[in-house]
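Have a look at the structure below before the remarks.
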Amino acid sequence: MKHNIIELAQQLIRNPSISPQDKGCQQIISQRLAAVGFTLEWMPFGDTLNLWATHGNGDPCIVFAGHTDIVPTGDPAQWQYPPFSAIIVDEMLHGRGAADMKGSLAALVIAAENFVRKYPNHSGKIALLITSDEEATAKDGTAKVVETLMARHEKIDYAVIGEPSCSKYLGDIIKNGRRGSITAELYIEGVQGHVAYPHLAQNPIHTSLAFLNELTTYQWDNGNTFFPPTSLQIANIKAGTGNNNVIPGELYLQFNLRYCTEINDQIIKQTVATMLAKYGLQYRIHWHLSGKPFLSSEGKLVNATIQAVENITKHTPRLDTSGGTSDGRFIALMGAEVVEFGPLNATIHKVNECVSTEDLAKCGQIYYQILEQLLT
C-alpha cells in the first residue's frame, strides 16, 4: 500500500493545481478508480472541477472527501526543494500540497481501491467526493456537489475528510466538528471635512470608538464541552484619504466571528445591530456566512475512526473542534457524521511544506480499517 500511496501523491504534487485549478489531478485519480469498478460522475461548476465516484449501492453510504487544489507557493527560491518536485528526502515527501492535502488524498484513494479489490461485493456504498475549490472561495466545489446530491435525494451517512488534523504526532487528534464562521463588512457613516473645522464635519472614527470597544470585549458565550468560547477578530479597518488635514467621511470595518453551538448567526447579527443602535451610528452592513458549526458526537464513524487510529498508531486520539473551516460544513448539512483525519499540519501553507511518507502509509491503513469496520 505504501508504494502506491507515495507514487500517487508524487504524481499529484507535480501538477501545480493552484486553486481552483485541477491541472489533471482528478483525471489521474479517476482512471485508477474506474479500473477497480467505480462509477464516475463529473460535476463541473464555473471554473471548478468536481468528481463524484461511487462503488456499490444501498446503506450505509460512506464518503471519502478531499481536494486537489492548493494554495500558491510564494517565492520558489525560498523553498529548500522546488515546490512541485515531489522529492523524498529522509522519508519526508516535499512539495506544495504534500500535507494539505494531496498526500492524504492519495491515501484515501488507495485505501478505497484496495478495499473494493478485497471486498468487491461489500455492503453499502463507497463514494469519493473530490473538488478543486477548497482553498479559495469554496463556492463551486463541495457545496455545489452537496446541493446536487440533496436535490436528487441522495444520502450520505458517514464522511471522512483527509484534512491534516494531527498536531504533534500522527494519531493525536481527530476533528469531529468545526466552529461556525461569519464575516461582517461594516461601513460607518460620517461627514467629511477639514480638520480645522470639526464642527462642520463628523468623524466616524471618533464616533465608533465606544462601539468598537464593546464589540471587541463582548463575551458572546462560555463555550461548551465540545467548543471553545466564540471569538471575534477585526481583520481590516480603513478610514481617511491619507491626508492629515481631512476628516474621513466613512469608516470601513471587516470582522470575523468563529462561533460555537451556544449561539447562531441570527443572534450574532441581532447583537451587533443592537450595539450599533445603542451608539446612534449610521451604517451599512453586509454579512457573509461561511459555514454553520457542526459536531459529530461519538457514534459509529467516530468510534470506528478512534479504533482504527489506535490499531495503526498505538495512540489514543483526542476529539477536537478547533481550527478553521473545512468542507465538512457542507457535507454535515446532509445529516452525515463527519470526521477529519490526516497527517501533521505543522507545515501546511508554508514554505517547505512536507509530510512523512510513513505517516501517509499509516493514514492509508487507517482509512482502510474504517471501511472494514463500517462496510463488512
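Keep in mind that glycine also has a Cβ here, set from the backbone N, Cα and C atoms.
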Candidates Glu163, Glu185, Glu189, Glu214, the one Swiss-Prot lists with His67, Asp100 as binding Zn(2+) 1: Glu163
Candidates Glu113, Glu135, Glu310, Glu372, the one Swiss-Prot lists with Asp100, His349 as binding Zn(2+) 2: Glu135
Residues close to Zn(2+) 1 site centre defined by His67, Asp100, Glu163, Cβ within 8 Å: Gly66, Met101, Ser104, Leu105, Glu134, Glu135, Ile161, Gly162, Pro164, Ser326, Gly342, Ile348
Pairwise Cα distance for Glu135 (Zn(2+) 2 binding site)/Asp69 (active site) [Å, integer]: 7
Cα-Cα distance linking Glu134 (active site, proton acceptor) and Asp69 (active site), given in Å to the nearest integer: 7
Asp100, Glu135, His349 excluded, remaining Cβ within 8 Å of their centroid (Zn(2+) 2): Ile70, Val71, Gly97, Met101, Ile348
Candidates His67, Asp100, Glu134, Glu163 (recorded positions) with Cα within 10 Å of His349 (Zn(2+) 2 binding site): Asp100
Cβ-Cβ distance under 8 Å to His67 (Zn(2+) 1 binding site), same chain, at least six residues away: Met101, Leu105, Ile130, Thr131, Ser132, Asp133, Glu134, Glu135, Gly141, Thr142, Asp327
C-beta crowding around His349 (Zn(2+) 2 binding site), within 10 angstroms: 14
